[in-house]
Amino acid sequence: MAGIVHGILFCGLFGLCWAVTGSRIYPASEVTLLDSRSVQGELGWIASPLEGGWEEVSIMDEKNTPIRTYQVCNVMESSQNNWLRTDWIPRSGAQRVYVEIKFTLRDCNSLPGVMGTCKETFNLYYYESNNDKERFIRETQYVKIDTIAADESFTQVDIGDRIMKLNTEVRDVGPLSKKGFYLAFQDVGACIALVSVRVFYKKCPLTVRNLAQFPDTITGSDTSSLVEVRGSCVDNSEEKDVPKMYCGADGEWLVPIGNCLCNAGFEEHNGGCQACKVGYYKALSTDAACSKCPPHSYALREGSTSCTCDRGYFRADTDPASMPCTRPPSAPQNLISNVNETSVNLEWSPPQNSGGRPDVSYNLVCKRCGSDLTRCSPCGSGVHYSPQQNGLKTTKVSINDLQAHTNYTFEVWAINGVSKQNPEQDQAVSVTVTTNQAAPSTVTQIQPKEITRHSVSLTWPEPERANGVILEYEVKYYEKDQNERSYRIVKTASRSADIKGLNPLTGYVFHVRARTAAGYGEFSGPFEFTTNTVPSPMIGEGTSPTVLLVSVAGSIVLVVILIAAFVISRRRSKYSKAKQEADEEKHLNQGVKTYVDPFTYEDPNQAVREFAKEIDASCIKIEKVIGVGEFGEVCSGRLKVPGKREIYVAIKTLKAGYTDKQRRDFLSEASIMGQFDHPNIIHLEGVVTKCKPVMIITEYMENGSLDAFLRKNDGRFTVIQLVGMLRGIGSGMKYLSDMSYVHRDLAARNILVNSNLVCKVSDFGMSRVLEDDPEAAYTTRGGKIPIRWTAPEAIAYRKFTSASDVWSYGIVMWEVMSYGERPYWDMSNQDVIKAIEEGYRLPPPMDCPIALHQLMLDCWQKDRSDRPKFGQIVSMLDKLIRNPNSLKRTGLENSRTNTALLDPSSPEWSQVASVLDWLQASKWKRYKDNFTAAGYTSLEAVVHVNQDDLTRIGISSPSHQNKILSSVQGMRTQLQQMQGRMVPV
């Protein structure tokens with residue numbers, strides 16, 4: 001019976017092979033390690049037992065090529081254990097391999113008398129080994145891969161109809177670690193024929209993506225792993241971003257990242273980089289493709305990165321490679337002169353040929369010549385040009401302060417961006433003129449010869465340029481306090497004058513000007529002198545001892561009076577305060593820079609030109625929008641000014657469709673910022689006004705606004721770090737105060753923080769009008785600003801001073817120490833105003849040092865003259881930083897007993913009837929037993945509790961102690977108010 005079965009299986013196998021064998025093409029992602037059909041001659045695999053088990057059979061395919069197969073069909077006997085082992089298979093670096101088995105299997109039901117012994121499955125095993133010296137099959141060494149079952153089995157009918165049912169099964173094996181392995185097939189009683197066995201591993205084949213080549217890569221050790229592979233740029237290309245891809249377990253490349261770019265002089269073609277053709281160029285690797293040489297240039301070789309200019313044509317250093325080559329301009333045309341005494345006006349027409357460039361400008365050369373017009377020399381610095389001498393964009397200029405009756409030659413040169421590269425070309429036109437008689441120049445000095453009680457005798461030198469015969473001098477004088485509203489004139493033919501009829505001990509301002517036949521010159525600058533108090537000449541040589549003694553005695557008395565007044569004023573406040581009236585008088589010390597309000601300029605654009613640097617828009621690269629401001633978008637980007645390194649900047653843009661007023665208001669902030677130069681004031685890089693959009697360029701602050709930054713980093717900084725931030729803000733505000741600038745909107749949201757935690761004051765563009773609505777804030781063009789940062793006198797009377805900025809600084813201190821908490825929490829603006837008016841102030845934030853909260857309270861003094869100056873604030877913060885121990889003491893106690901503290905966690909006294917009510921309202925019910933056990937059964941006892949008491953009754957958490965004590969303080973304050981014992985500040 002067994003022989004019959006073997007014969008049936010063999011005949012069926014022969015017919016099958018004729019249909020399925022032949023040359024096969026495998027996917028590129030599969031690398032074959034073993035293919036039984038490609039072996040020439042016998043396979044020679046080891047079988048166990050050697051006889052009566054697996055049998056090697058050779059059959060012919062349709063091309064009469066022998067194919068070696070193995071078959072077994074011991075279905076008549078039970079307990080079969082027939083093993084077949086392949087030769088040693090090297091794994092070739094693969095960590096996971098795949099076994100493809102093609103086989104046929106006889107249906108047990110089609111064989112009579114084998115129901116108890118016939119099987120329809122077989123087992124697949126593997127064994128790893130570093131060599132091929134295994135001669136025997138040691139079953140215990142092998143690891144089972146799987147039990148293989150047929151999807152289809154054949155019967156006797158199929159054999160008769162020559163229908164053979166071939167099964168294909170694939171199993172993966174791994175991870176593998178040794179040099180190679182064996183496969184083994186275990187038959188347990190099936191009628192089976194192994195038609196072919198193929199072992200392979202998968203790889204991601206060599207490929208080129210985004211100009212990067214990725215090599216053949218073997219897949220990972222498991223079916224879900226991804227192998228990261230770094231690509232290498234193809235020839236003549238460079239990395240833009242590191243090229244990477246992932247090799248999937250199925251041999252497919254996934255997720256391409258990064259790319260390469262063809263080098264300058266090369267462009268992409270069919271997955272590679274080819275050189276630019278003759279007549280074409282590519283300047284940068286980031287350019288997409290080669291471009292044809294621009295006009296007046298050529299490229300004679302392949303792979304050019306730029307084109308050479310034709311003879312006589314040039315390219316400026318700042319010109320892009322895509323710009324046509326250009327020439328210097330021809331000379332200006334039609335130069336016309338107009339002489340007006342010692343001034344000359346010149347006008348001309350543009351050059352006939354601009355050289356092909358739009359950047360034509362004009363330089364003016366002035367020469368003073370002798371009578372024969374042969375000996376000429378430069379005019380010197382005394383001559384003035386309007387609008388300027390060099391870099392003129394207009395075709396007219398005025399030359400002033402020339403000498404009278406003098407010959408001058410003026411040359412007008414036309415230049416453009418390539419003029420320096422061809423200095424030999426004549427680009428100028430000239431004209432010679434003779435000036436007329438002119439008025440004299442300004443008197444530069446006035447000196448007092450004698451000063452008495454009612455008169456001043458003056459003398460002065462002749463003007464530097466008389467420009468003719470001086471006919472007379474005119475002296476204008478007035479009292480200092482009159483500011484030229486009422487003045488008198490005295491005329492004299494000499495260089496001196498006696499001014500009489502003056503008031504004693506009064507300051508007078510004097511101006512002098514000279515007159516010739518051509519008219520009056522300009523008045524001199526102001527010179528101030530004060531009359532005496534006693535009828536005597538100036539103290540000097542020849543003064544009597546008596547007069548000298550009286551003068552000295554009077555001076556001593558005056559000094560004593562001033563010292564006494566100073567001491568009295570010092571006693572009024574520990575901060576050396578002086579009563580600040582509604583209109584504060586600004587004392588401008590010599591050498592101290594003072595803020596100039598740009599809105600006082602008749603032409604606001606003049607303020608922008610004076611205080612802000614104009615930047616070429618081509619130097620700016622906008623990268624992304626980071627916010628929306630009052631006038632348009634706020635962006636981040638880069639600024640690269642020629643000759644300087646590239647820096648990150650913030651860019652404010654003016655939205656399209658703006659009005660003249662909006663443009664003026666937008667640029668006013670730049671006019672203000674441009675006057676400031678301090679490490680704690682936001683730095684203005686410049687403006688763009690000559691093209692759209694109009695932009696303000698400032699330094700870039702990486703960490704954004706201080707309030708948001710603190711909220712994002714709640715609790716991460718030490719007290720010293722927070723005080724350092726406050727010190728920086730205070731230093732910036734001291735600088736502004738010293739310049740007589742009042743900020744008006746100092747708040748944490750208007751402080752910017754850079755990557756080094758340096759805080760800088762910003763937002764100088766606000767104009768505010770206080771509305772009558774108590775719930776309103778200062779109305780601006782972009783919205784409303786909450787009044788909870790604003791001093792009470794500024795709210796009530798619009799009194800904005802440095803002292804009101806100090807109040808705002810105190811609120812900023814509170815914001816910093818509370819990590820960006822909203823001042824006064826969710827109270828309405830009307831309630832805030834009312835509470836402040838009644839003497840209430842913000843309590844110390846959690847863990848805030850007492851010294852810092854005391855400084856806050858000093859900043860919040862109702863009388864603005866009692867508040868510290870910014871210089872004193874900075875000095876105090878410096879002392880705290882130098883003495884860190886002074887910052888360790890925290891608590892809720894307060895030396896100002898008449899200042900009630902606000903606390904949102906304190907329940908209303910009227911709503912609390914017992915200790916339990918208070919604990920529930922304050923969310924501290926967990927400590928009910930602690931208070932009860934310690935004997936705190938009434939609210940009258942609770943309001944006297946302190947930190948030691950809380951520790952004693954078992955409440956040890958510092959944060960819980962602070963919050964409970966804060967609530968107790970609020971309860972105590974409300975109780976005092978109800979009993980009439982508290983007097984608001």
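A Cβ is built for glycine as well, from the same backbone N, Cα and C atoms used for every other residue.
Positions annotated as ATP binding site by Swiss-Prot, on the basis of sequence analysis: I626, G627, V628, G629, E630, F631, G632, E633, V634, K652. Residue environment of E630 (ATP binding site) contains 18 other Cβ atoms, counted within 10 Å of its Cβ in all protein chains.
Among the features that Swiss-Prot reports, domain 'Eph LBD' is placed at 30-209.
Annotation comment: Swiss-Prot describes 439-536 as domain 'Fibronectin type-III 2', evidence class sequence analysis.
The feature domain 'Protein kinase' is assigned by Swiss-Prot to 620-881, with sequence analysis given as support. When averaged over the domain 'Protein kinase' (620-881), pLDDT in the model lands at 87.
Under the heading domain 'SAM', Swiss-Prot lists 910-974.
According to Swiss-Prot, the feature N-linked glycosylation site maps to N340 (among others). Long-range Cβ contacts of N340 (N-linked glycosylation site) within its own chain (separation 6+, distance under 8 Å): N436.
Marked as N-linked glycosylation site by Swiss-Prot on the basis of sequence analysis: N407 (among others). For N407 (N-linked glycosylation site), the number of other Cβ atoms no farther than 10 Å from its own Cβ, over all displayed protein chains, is 17.
Around Y595 (phosphotyrosine), a 10 Å sphere centred on its CB holds 15 further CB atoms from the protein chains shown. Annotation comment: Swiss-Prot describes Y595 (among others) as phosphotyrosine, evidence class similarity to another entry.
Residues or ranges marked as phosphotyrosine by Swiss-Prot: Y601 (among others). A coil conformation is recorded for Y601 (phosphotyrosine) in the three-state DSSP classification, outside any helix or strand.
The phosphotyrosine annotation in Swiss-Prot covers Y778 (among others).
Of all Cβ atoms in the protein chains displayed, 17 besides its own lie within 10 Å of the Cβ of Y927 (phosphotyrosine). If you look up Swiss-Prot, you'll see Y927 (among others) marked as phosphotyrosine.
Swiss-Prot lists 1-20 with the feature signal peptide, giving sequence analysis as the kind of evidence.
The annotation transmembrane segment is assigned in Swiss-Prot to 548-569.
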Tell me which of the binding-site residues I626, V634 sits in the most Cβ-dense spot, judged by other Cβ atoms within 10 Å.
V634
Can you tell me the CA-to-CA distance separating Y601 (phosphotyrosine) and Y595 (phosphotyrosine), as a whole number of Å?
13
Given the binding-site residues V628, E630, G632, which one's Cα is the least distant from that of Y595 (phosphotyrosine)?
E630
Taking Cα atoms as reference points, which of the recorded positions N407, I626, E630, V634 is nearest to Y927 (phosphotyrosine)?
I626
Residues I626, G627, V628, G629, E630, F631, G632, E633, V634, K652 [recorded ATP binders]: greatest CA to CA distance in Å:
14
What residue among the binding-site residues V628, G632 has the most other CB atoms lying within 10 A of its CB?
G632
Reported in the order helix, strand, coil, what are the DSSP residue counts of the domain 'SAM' (910-974)?
45 helix, 0 strand, 20 coil
Excluding I626, G627, V628, G629, E630, F631, G632, E633, V634, K652 themselves, which residues in that chain have a Cβ inside 8 Å of the centre of the Cβ atoms defining the ATP site?
C635, T653
Y601 (phosphotyrosine), number of other Cβ atoms within 10 Å:
16
Could you check what DSSP calls Y595 (phosphotyrosine) once collapsed to helix, strand or coil?
coil
Length of the line joining the Cα atoms of E630 (ATP binding site) and N407 (N-linked glycosylation site), in Å:
57
